[in-house]
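A.B. asks: After the structure tokens below, expect a handful of questions from me.
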Amino acid sequence: MKNSRRGPGGRLSVSRLIYPFRVVGMGLGGLPVATVLHELQASWLAWAFVALGCLVWPHAAYLLAAGSADPVRAEKRNLLVDSAIAGALVPMMHFNVLPSTLLITLTTVDKLSSGFRRLWLHSLPALILGGAASAALLGTGFSPLTSMPVMLACLPMLLIHMIAVSIGRYRLIRKVTEQNRELDRLRRIDTLTGLSRRGAWEEQAQQVLASRRAGRQDCMLLIDVDRFKLINDRHGHGAGDATLRELAEQMRRVMRPQDHLGRRGGDEFAILLPDTTREQALAIAERLRCQVERIRLADYPDVCPTVSIGMAVVPAAPAHLGHWLERADSALYRAKNAGRNAVMA
């Protein structure tokens with residue numbers, strides 16, 4: 001785990017993600033603080049702290065995290081330092097209500113949205129300690145009223161922070177949505193052949209059955225690679241995978257746009273042929289058988305695959321997918337017994 005964090009995708013991704021938000025957030029947070037310090041005619045030490053905390057620290061934090069052996073842990077530490085800096089600024093402003101409230105609230109919200117569990121809770125002691133240290137070293141007072149210039153200086157921090165958080169959440173939601181869509185695709189699509197997996201194919205079959213109308217014929221083909229185990233045993237699993245991929249490609253070439261192709265598992269495939277007569281289905285099956293017979297694999301020239309195909313017309317209503325599969329499987333069994341490389345109905 002440690003090594004992965006040091007790589008380009010781990011070491012810099014965390015620090016690069018937080019870096020621009022920290023630069024903008026600390027910089028904008030410094031505006032109302034500087035306005036209050038100007039009104040209070042604060043000492044040069046207070047101004048130096050604001051300059052270091054709001055302008056220098058974001059860049060130093062990035063360098064510390066990027067150069068760390070554990071950038072995730074380093075960023076957690078940096079986020080706690082952010083809280084300590086925010087806490088230190090509050091007594092320096094003599095507890096001016098609006099900027100103090102915004103600094104504490106937005107700093108805590110940043111911890112909640114960071115994704116680090118309970119970091120906001122761990123940041124509270126940093127806030128308190130930062131404030132206590134600032135009050136002890138630089139002194140403090142109590143001037144809670146907020147002037148109009150300070151209010152105006154708070155607006156960029158408030159508005160831009162809200163926009164930045166909204167954009168971040170939008171990107172996160174979009175990323176999660178895309179990942180869920182990809183997971184659903186992987187659940188439905190067989191990665192080796194690019195055809196529908198068994199469950200997805202059966203859903204398509206159920207939809208075909210549900211959409212049947214009087215007088216329409218639908219057919220099914222069950223396809224099995226002849227002596228597939230022998231191909232694997234003699235030529236290796238690479239040859240078997242190449243055979244299945246090429247078979248899937250030939251199926252896509254032969255089938256029509258309205259047909260549904262699927263891999264039921266192993267070397268067995270199924271094709272739904274909606275609105276197709278028995279004669280049409282047999283012609284399609286024979287064309288596919290001939291196409292497969294001509295397959296030659298560049299990397300495995302000794303492999304000459306063939307297929308056996310069983311065809312079944314959907315039974316009369318009430319149609320049931322299980323009965324349809326049984327009839328196609330029975331036809332496939334007869335094709336195997338007839339010497340393979342055959343089509344049976």
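Counting starts with 1 at the first residue shown.
Cβ coordinates come from backbone N, Cα and C, glycine included.
Note: TrEMBL annotation is automatic and uncurated.
Reproduced below are the annotations present in TrEMBL:
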DOMAIN    216-345  domain 'GGDEF'
TRANSMEM  17-37  transmembrane segment
TRANSMEM  44-65  transmembrane segment
TRANSMEM  85-107  transmembrane segment
TRANSMEM  119-138  transmembrane segment
TRANSMEM  150-172  transmembrane segment
A.B. asks: Are the transmembrane segment (150-172) and the transmembrane segment (119-138) near each other by the rule of at least 3 C-beta pairs under 8 angstroms (pairs 6 or more apart)?
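C.D. replies: Counting Cβ pairs under 8 Å (6 or more apart in sequence), the transmembrane segment (119-138) does not reach the transmembrane segment (150-172), since there are fewer than 3.
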A.B. asks: For the domain 'GGDEF' (216-345), what does DSSP give as the number of helix, strand and coil residues?
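C.D. replies: So the counts come to 59 helix, 28 strand, 43 coil.
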A.B. asks: For the domain 'GGDEF' (216-345), what's the model's average pLDDT?
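C.D. replies: PLDDT averaged over the stretch: 90.
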